[in-house]
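Notes follow once the structure below has been shown.
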Amino acid sequence: MALPALATVLCLFSPLLLTAIASAREKRPNLTMGAPGPVTAHSGGRRLVHSHAKECDIPGTVDLSVREGDDTAYGQALYPVPAEDPNDPLQWSPIRKTLILVVCSLYSFLSNSALLGPSVYIGIFAAEFNTSFTDASNLISYANLAFGFGSLLLVPSYHKFGRRPVMLGSLILYCGGLLACSQVQTYSGLMAARVVHCFGASVCEALPVQLVNDIFFLHERGKRLGYYTVCLCFGATGPLFAGYMLNGGHSWRLFFWVEFAFGAALFILAFLVVEETLYHRKPPVGSSSLERQSLEGGEEKPTAVESTTPETGAAIPPRKTFVQSLKFWGVYEKDADFLLMIARSFTYFLVPHVLWVITTYGIYIGLGALTFNYIFPLKITAPPYNWSQLDSGLIAVASFLGYLLAIPFTPSSDRLAARLTRKNKGIREAEMRLGVMLPVMLLAPAGLIVFGFAAERDLHWVAYFAGVVMCNFCSYFYFTFTLAYAIDSYTSNISEMLIAMNLGKQAISFGMGLDLLDWVTRHGYAVMIAGVFGAILLANNLALLVFMLYGKRIRAFMSTTWLARVHRESVREVATH
């Protein structure tokens with residue numbers, strides 16, 4: 001019993017350790033300092049970085065040419081251009097940024113593991129609550145839907161009231177729902193509690209991306225989004241932890257107690273290290289017409305009124321103290337219309353780059369989080385395998401292995417984009433990062449064929465594992481780099497874009513999981529998984545070729561549409577899209 005418990009603890013902390021070690025080892029790699037800048041007590045003794053990079057007239061095309069005095073990375077100027085203010089999140093220390101990334105990544109891991117872990121209890125739920133397997137699986141399907149649709153309220157909330165208070169409030173709701181799950185005695189009560197904790201945690205599907213966008217430069221985002229994606233993907237190992245607890249002879253309720261304990265600890269850590277990252281910076285001199293347009297029409301002025309360029313000689317504002325950074329009130333965006341933001345978010349479904357991210361996440365979540373976790377436990381506990389219910393969650397090992405093998409490729413898109421930018425005389429195109437996805441484009445559909453025929457013909461259990469490894473290895477590339485591409489390629493209000501992404505992907509994955517067990521019973525595993533799902537996934541993956549060949553033309557066309565004008569007018573964070 002001690003060994004499974006130890007393994008569970010190590011697995012829970014592995015994403016935290018991986019993210020912390022990977023980020024801590026990179027103290028701004030390849031960062032070359034320009035001319036000496038101001039180093040004052042106000043800035044905490046740290047030198048503020050400078051840059052003259054600017055976005056060109058087509059969103060997603062950035063001029064990273066270096067001017068005298070610029071700080072550089074990979075031989076290119078830093079973008080976005082930071083303010084001369086130590087309170088600008090782009091100017092924060094690497095340690096502060098890493099801690100914030102660790103917290104939001106761990107939140108994503110915990111919330112996803114809490115969502116998916118009970119999938120190994122489907123048979124137990126069906127027996128205990130006297131319901132069908134399909135109804136029992138809805139405890140995961142409807143919770144998954146709440147996990148996405150909660151962003152419809154929470155994302156506008158953190159845009160209006162600040163990132164920090166909404167994150168802390170969502171953690172309280174998450175922990176409260178988990179506590180209720182451990183106490184309820186009825187199916188309806190458990191369903192309600194599941195919806196509550198997943199609704200509360202839904203902000204972690206958007207907030208980590210928002211924070212990466214707030215605190216990291218363009219050349220850092222692909223890698224940092226990769227670290228976040230690692231933790232998100234490792235959340236699929238939740239069924240493994242749940243299975244360990246059954247092996248220890250405990251009730252399914254222990255799983256929710258353990259998740260609650262880690263959630264409470266995370267709340268304390270978040271309270272101490274996650275500083276408010278909402279910041280308005282002035283448009284840099286020489287900014288593109290698109291950036292200037294985004295601030296017209298009565299947009300809110302930058303809050304850092306003392307922030308100036310070195311040439312002005314004006315005073316640099318003091319850095320907030322640790323106690324001041326703990327404040328979780330005082331942010332209120334008067335111009336951020338809550339209801340209008342919700343309504344406007346639906347227009348992002350018409351943006352091709354965003355739609356591709358939505359379909360990518362929706363399909364892969366529907367497969368990795370629902371399809372594999374629904375089918376494998378039921379198949380492996382029946383003849384001819386006859387595994388015990390205690391071992392039915394071991395498919396999570398295959399998920400873990402697939403993601404683990406992909407981790408070394410996390411920096412690949414940033415490095416490829418930097419290399420191609422140098423060859424392009426300092427001009428960065430958003431599509432330059434996409435080439436790293438070509439080698440894995442067909443791997444996931446092949447994995448679905450393997451898994452589908454393994455289930456249809458009762459092949460060796462290794463075939464199930466091989467199919468899952470192939471699919472999840474590929475999904476890591478598509479999760480990380482399609483998201484980075486969408487953020488790079490379109491002038492958007494990032495909060496509204498994330499609402500659309502979360503609504504869409506959870507709706508798609510919900511549709512793929514709802515009544516799935518009835519579908520495979522009626523049509524067969526090979527037809528549904530290898531055939532229907534495989535064809536859908538193949539079409540989505542082949543869209544990579546469309547964006548690699550025609551992505552810039554699509555961006556240029558979209559920038560001239562009424563839709564782009566509507567989205568530009570809602571942008572309040574300068575040069576952070």
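Cβ atoms here come from the backbone N, Cα and C positions, even for glycine.
What TrEMBL lists as signal peptide is 1-24.
Under the heading domain 'Major facilitator superfamily (MFS) profile', TrEMBL lists 97-555.
The transmembrane segment annotation in TrEMBL covers 99-127 (among others).
The annotation transmembrane segment is assigned in TrEMBL to 139-159 (among others).
Feature annotation from TrEMBL assigns transmembrane segment to 225-246 (among others).
The transmembrane segment annotation in TrEMBL covers 252-274 (among others).
The region 'Disordered' annotation in TrEMBL covers 284-316.
Positions annotated as transmembrane segment by TrEMBL: 348-372 (among others). Sequence-distant contacts of the transmembrane segment (348-372), counting only residues of its own chain at least 6 positions beyond either end whose CB sits under 8 Å from a CB of the stretch, comprise 112, 115-116, 119, 140-141, 144, 233, 236, 395, 399, 444, 448, 451, 468, 471-472, 475, 478-479, 482-483, 485-486, 489-490, 492, 496-497, 499-501, 504-513, 516, 529, 533, 536-537, 540, 543, 547, 551, 554-555, 558, 563, 567.
Summarising the annotation, TrEMBL assigns transmembrane segment to 392-411 (among others).
Residues or ranges marked as transmembrane segment in TrEMBL: 432-455 (among others).
If you look up TrEMBL, you'll see 461-486 (among others) marked as transmembrane segment. With a threshold of 8 Å between CB atoms, the same-chain residues lying at least 6 positions outside the transmembrane segment (461-486) that come near it are 209, 221-222, 225-226, 229-230, 232-233, 236, 353-354, 356-357, 360-361, 364, 367-368, 372, 376, 379-380, 385, 395, 397-399, 401-403, 405-407, 409-410, 413, 430-431, 433-434, 436-437, 440-441, 443-444, 446-455, 497, 501, 541, 547, 551.
If you look up TrEMBL, you'll see 498-517 (among others) marked as transmembrane segment.
Residues or ranges marked as transmembrane segment in TrEMBL: 523-550 (among others).
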State, in range form, which of 139-159, 252-274, 392-411 has the highest count of Cβ pairs under 8 Å to the transmembrane segment (498-517).
139-159
Give, as a single whole number between 0 and 100, the mean pLDDT over the domain 'Major facilitator superfamily (MFS) profile' (97-555).
86
